[in-house]
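A.B. asks: Before we start, here is the structure in question, set down as C-alpha cells.
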Amino acid sequence: MAGGGFAVADAAPSADYGGRVTFSVVVTCLMAASGGLIFGYDIGISGGVTAMESFLSAFFPGVLRRMAAARRDQYCVYDSHALTAFTSSLYLAGLAASLVASRVTRAVGRQAVMLAGGALFFAGAAVNAAAVNIAMLIVGRMLLGFGIGFTNQAAPVYLAETAPPKWRGAFTTGFQLFLSIGNLAANLANYGTSRIPAWGWRLSLGLAAAPAAVILAGALLIPDTPSSLVVRGRVEEARAALRRVRGPKADVDAELEDVSRAVEAARACEEGAFRRILRREHRHHLAMAVAVPLFQQLTGVIVIAFFSPVLFQTAGFGSNGALMGAAILGAVNLGSTLVSTVTVDRYGRRPLFLTGGFVMIICQVAVAWILGSQIGGDGESAMARPYSLAVLALTCVFSASFGWSWGPLTWVIPGEIFPVEIRSAGQGISVAVNLGATFLLTQTFLSMLCALKYATFIYYAAWVAVMTAFVAAFLPETKGVPLEAMGAVWERHWCWGRFVRPPVKIDEEP
C-alpha cells in the first residue's frame, strides 16, 4: 500500500517561478471559487424545502398522507419517486452541461463558461420560485443543473491554473469552502422561511438568485487564466494575467514559456481530447477522472447533504428541529473545510483522504447501530432523545471528516492532475461522473433507505473502506508540484508508471 506516497521533491521539480501570494491572486481566486456558492446553496436548499409541509402539500400531498398515518415505517415516509425527481433532475441536466462545457471552455475560456453558468442558475431560481406545478419545478431544476454543470467544470480548473503551485491546494479548496458557505446559507434560509406557512418554500428557492448574482459579478471582474489565453493565441494577455497574479518579482517569462510549451505539445495531437484521454498513456488520468468523483458520492454524503432534515426526522426530531440540525451540519462542514484549506499544502492530499475515510467509516457504522437498535427493522419504534442527539453528533463528526477530506479534495485532484491537452475533457468527465452519480443516488436513496433500513449506512461504510484503500494504493501525493511537471509524479508511481513510460524495446541478437 505504500506505493502511492512518493516524496514530491524526488518526483518532480517544485519551483514556483519566484511568485508569491499576492493580493491580486487572492482576490482573483476568491471570485472564481465563489462558483461553489450555487452548488452548495442547491445542496442545502433541496433537503430543507422537501421537509416543509407547505411545499409537500402543494406538490407532493401523498407524502403528507403517509406522514399523517397512525402507524408508519419511518424509513419509508419520504419514499416518493416524484419527490426524488425534484432533487435529482438537476444533476442529470448538470451531467449533460458539463460535457458540453468541456468543449466550450477551450473555445471561449474559463471565465465565459462561469458567466454562462451563473446566468443559467439565476434563471432557474426565478422559475422555481414562481412554480405552480411539478413541471415548472423540474424545468427550473434543469436550468439550475445547466448552471451548475458549466460552473463546476470551469471554476476548479480556473483555480488550479491560476494559483501558485506551492499553495494550489489551499486555493483550489476555496471552491469547496464557498460550497460550504452556500450550503450553510441555504440551511439557515430554510430554517427561517419554514416559519412562513404558505410561501416560505418560494422564498428559499428564489434566494438561489443571490449566489448566482455573486458568481456573475465575480466572473465579470476577473481575467481568464494564462493557459486558456495561450490556447486561444492571446499570448500577451496571458503574460499580463501572469504578471498581475504572480507579482513583480516572479519569473513570468519562465512560467509562460512552460505553459506555452505544454500548449504546443497539446496542439501537436490532432485527436480530440475525449479520444486522447482514452489512450494508454492517459490511463491514470481517466481512472482518477472517474474514480475520485464517483467515490465522493459513495461516501454517503448524499445522506447528510441532501436529506439531512429527512434523516433527522427519521431519527426523532421535529420539522423545525430537523432543519436546525441541518444548519448545524452546514456550519460544521464549513469549519472543517477551513481546516482543509490551511492543512492541504502542509500535510498533503493523501493524509487528509486517509484520516477522513477512517473517521467516516466509524461514524456510519455507529449510526447504523443506533438506528437498528432504536427504530428497529420495521421503522415503527420511537427513538429516545439521547439517541437522537447521538445521531446528530455522529453526523456532525461525519460531516467534519468529509469536509477536510473527500469534500474539497474531489475538486483539488482533478483540477491539478490533467495535462493541458486533456484538461478540459478530463475536468468535464470528472464533473459529469460526479453529477451523474449524484443523480442516481438522489433518485434511489429514499427507496434504498426504505428497503435496507439502517443497513443503508453499512452499505456506504463499506464503500468508504474500498475508496480509502484505493487512495492508499493508487493516488500519489501531488502537493507543491507545478501543473506542467505533474507527469514526473506519475512516472514514478508503482502502478501508473508503466502506462506513462513508453514500452522498453529489446533488440534481438543477430
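Even glycines carry a Cβ here, placed using N, Cα and C.
What TrEMBL records for 21-39, 76-101, 113-139, 201-222, 286-310, 322-344, 351-371, 391-413, 425-445, 457-476 is transmembrane segment. Positions annotated as domain 'Major facilitator superfamily (MFS) profile' by TrEMBL: 28-479.
How buried are these features, and what lies next to them?
C.D. replies: Counting same-chain residues at least six beyond the ends of the transmembrane segment (21-39), those with a Cβ under 8 angstroms from any Cβ of the stretch are 110, 114, 117-118, 121, 144, 147-148, 151-152, 154-155, 158-159, 162-164, 167, 171, 174-182, 185, 208, 211-212, 214-215, 218-219, 221-223, 244-247, 411.
Tertiary neighbourhood of the transmembrane segment (201-222): same-chain residues 28, 30-32, 34-35, 37-38, 40-42, 45, 48-49, 52, 54-55, 58, 111, 114-115, 117-119, 121-122, 124-126, 128-131, 140, 144, 147, 151, 182, 185-186, 189-190, 193, selected by CB-CB distance under 8 Å and a gap of 6+ residues from either end.
Among residues of the same chain six or more beyond the transmembrane segment (322-344), those with a C-beta under 8 A of the stretch's C-beta atoms are 44, 47-48, 51, 169-170, 173-174, 176-177, 179-181, 183-184, 186-188, 190-191, 194, 304, 308-313, 352, 392, 395-396, 399-405, 407-409, 412, 479.
Non-local neighbours of the transmembrane segment (351-371) in the same chain are 299-300, 314-315, 340, 343-344, 383, 387, 390-391, 394-395, 397-398, 400-402, 404-406, 409, 453-458, 460-461, 464-465, 467-468, 471-472, 475; each lies 6+ residues outside the stretch with a CB under 8 Å from one of its CB atoms.
Distant neighbours of the transmembrane segment (425-445): 81, 84-85, 87-89, 91-92, 94-95, 98-99, 101-103, 105, 145, 148-149, 152-153, 156-157, 272-274, 276-277, 285-286, 289-290, 292-294, 296-298, 302-303, 306-307, 410, 414-415, 417-418, 456; these residues of the same chain sit at least 6 beyond its ends, with a Cβ under 8 Å from one of its Cβ atoms.
Within its own chain, the transmembrane segment (457-476) is flanked in space by residues 1, 3-6, 11, 287-288, 291, 295, 298-300, 303, 349-350, 353-354, 357-358, 360-361, 364-365, 367-368, 371, 406, 413, 448, 489-490, 492-493, 495-496, which lie at least six positions past its ends and keep a Cβ under 8 Å from the stretch.
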A.B. asks: Using Cβ atoms and a strict cutoff of less than 8 Å, what residues sit near the transmembrane segment (113-139) while being 6 or more residues removed from its termini?
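C.D. replies: Cβ under 8 Å, 6 or more out: 32, 35, 38, 59, 82, 85-86, 89, 97, 101, 104-105, 145-155, 158, 202-203, 205-209, 211-213, 215-216, 218-220.
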